[in-house]
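A.B. asks: Let me begin by handing over the structure; questions about it come next.
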Amino acid sequence: MNECHYDKHMDFFYNRSNTDTVDDWTGTKLVIVLCVGTFFCLFIFFSNSLVIAAVIKNRKFHFPFYYLLANLAAADFFAGIAYVFLMFNTGPVSKTLTVNRWFLRQGLLDSSLTASLTNLLVIAVERHMSIMRMRVHSNLTKKRVTLLILLVWAIAIFMGAVPTLGWNCLCNISACSSLAPIYSRSYLVFWTVSNLMAFLIMVVVYLRIYVYVKRKTNVLSPHTSGSISRRRTPMKLMKTVMTVLGAFVVCWTPGLVVLLLDGLNCRQCGVQHVKRWFLLLALLNSVVNPIIYSYKDEDMYGTMKKMICCFSQENPERRPSRIPSTVLSRSDTGSQYIEDSISQGAVCNKSTS
């Protein structure tokens, strides 16, 4: 029967995994990582709070897509909390942690990733429902959106708690990983592979929607008389969502690959030398998301700017490169326009034949 080590401190597990946490987290490297991490976290709290407040304040954003976007901002805000907790419980402090405190530290990080990933999956479903029906916004009710948001956080909390619930190596030291000394290598493989598969599924779904919208836009454009901005609205919205997805994949994939290599017990891969920099890269994702929202959406930018600078609502600054949310947020108007475009296109094709 294997001996369990619930009462041990983390120095016992770090020493067995040959992880030199003290040397790596002292001196210039530690100062750089902590300074950059602190700046990122402050920006995450500020910018994502603005996004959530903008969705609450501006009635143009009171639609399912923007509610889910606000929830993604909430997930990024939660990621900032997780990284702050990590910064206060890392370096030389890591070896003094109890098992339960270390589980909490890692569980917060795991939950933040799962919340963002699951939320992107829900947004993919919402976009698929609306675009395939040629509507700017889906017909999800507020009740259903609320249930989806609660489901996102329930899944995130559960995934973050799985190691604490028993999938760990406290009773089987030989199965412990190197980067996460009390996580089983089998759990790391499961967790990373499931996340990478979710990445792949999302990329395929969004590419399918993107190709569909692009094809429909090209077919309908010659037969419709609406403004260019309105004709291109579905494509612009898809480009915004795909930019968010692309940033998420780029920022998180390297870290997941490193964890997968550790789970596969790759001793020659040098995972210890890059883990902290890839962790900062993952943190960067929560930094760039609010920038993407404000850059791509004209009204989001205007609302956030007015909250910061107290500018007059009657004279918002215009930036033509962004999506006019007055078009995006009027679901019935946008949907009717697309439906009218389909009808006009059908009439033109019929008369031509």
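Each Cβ is built from the backbone N, Cα and C atoms, and glycine gets one as well.
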A.B. asks: Identify the topological domain of Pro92 and of Gly302 in Swiss-Prot, and say whether both name the same side of the membrane.
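C.D. replies: According to Swiss-Prot, which assigns topological domains, Pro92 and Gly302 fall on opposite sides of the membrane.
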A.B. asks: Annotation N-linked glycosylation site per Swiss-Prot: which of the candidates Asn172, Asn349 has it?
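C.D. replies: When Swiss-Prot is consulted, N-linked glycosylation site appears for Asn172.
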A.B. asks: Using a 10 Å radius around its CB, how many other CB atoms surround Cys309 (S-palmitoyl cysteine)?
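C.D. replies: There are 9 of them.
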A.B. asks: What residues elsewhere in the chain lie close to the transmembrane segment (102-124), defined as a C-beta under 8 angstroms and at least 6 residues from its ends?
C.D. replies: 10, 65, 68-69, 71-72, 74-76, 78-79, 81-83, 85-86, 89-90, 94, 148, 151-153, 155-157, 159-161, 163-164, 168, 180, 182-183, 191, 195, 198-199, 201-202, 205-206, 209, 241, 244-245, 248, 252, 282, 285-286
A.B. asks: Give residue numbers and ranges for long-range contacts of the transmembrane segment (277-297): same chain, 6 or more residues beyond its ends, CB-CB under 8 A.
C.D. replies: 33, 36-37, 40-41, 43-44, 47-48, 50-51, 69, 72-73, 76-77, 79-80, 83, 113, 116, 236, 239-240, 243-244, 247-248, 251-252, 254-255, 258, 304, 321-323, 325, 328
A.B. asks: Who are the chain neighbours of the topological domain 'Extracellular' (168-186) in space, where the CB to CB distance is under 8 Å and they lie at least 6 residues beyond its ends?
C.D. replies: 2-6, 10, 13-14, 16-19, 99, 102-103, 106, 258-259, 262-265, 271-272, 275
A.B. asks: Which residues does Asn172 (N-linked glycosylation site) neighbour through Cβ under 8 Å, counting only same-chain ones at least six apart?
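C.D. replies: Listed in sequence order, they are Asn2, Ser184.
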A.B. asks: Over the span of the topological domain 'Extracellular' (262-276), count residues by DSSP class, listing helix, strand and coil in order.
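C.D. replies: So the counts come to 8 helix, 0 strand, 7 coil.
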A.B. asks: Count the residues of the topological domain 'Cytoplasmic' (53-67) that DSSP assigns to helix (H, G, I), to strand (E, B) and to coil, and report the three numbers in that order.
C.D. replies: 12 helix, 0 strand, 3 coil
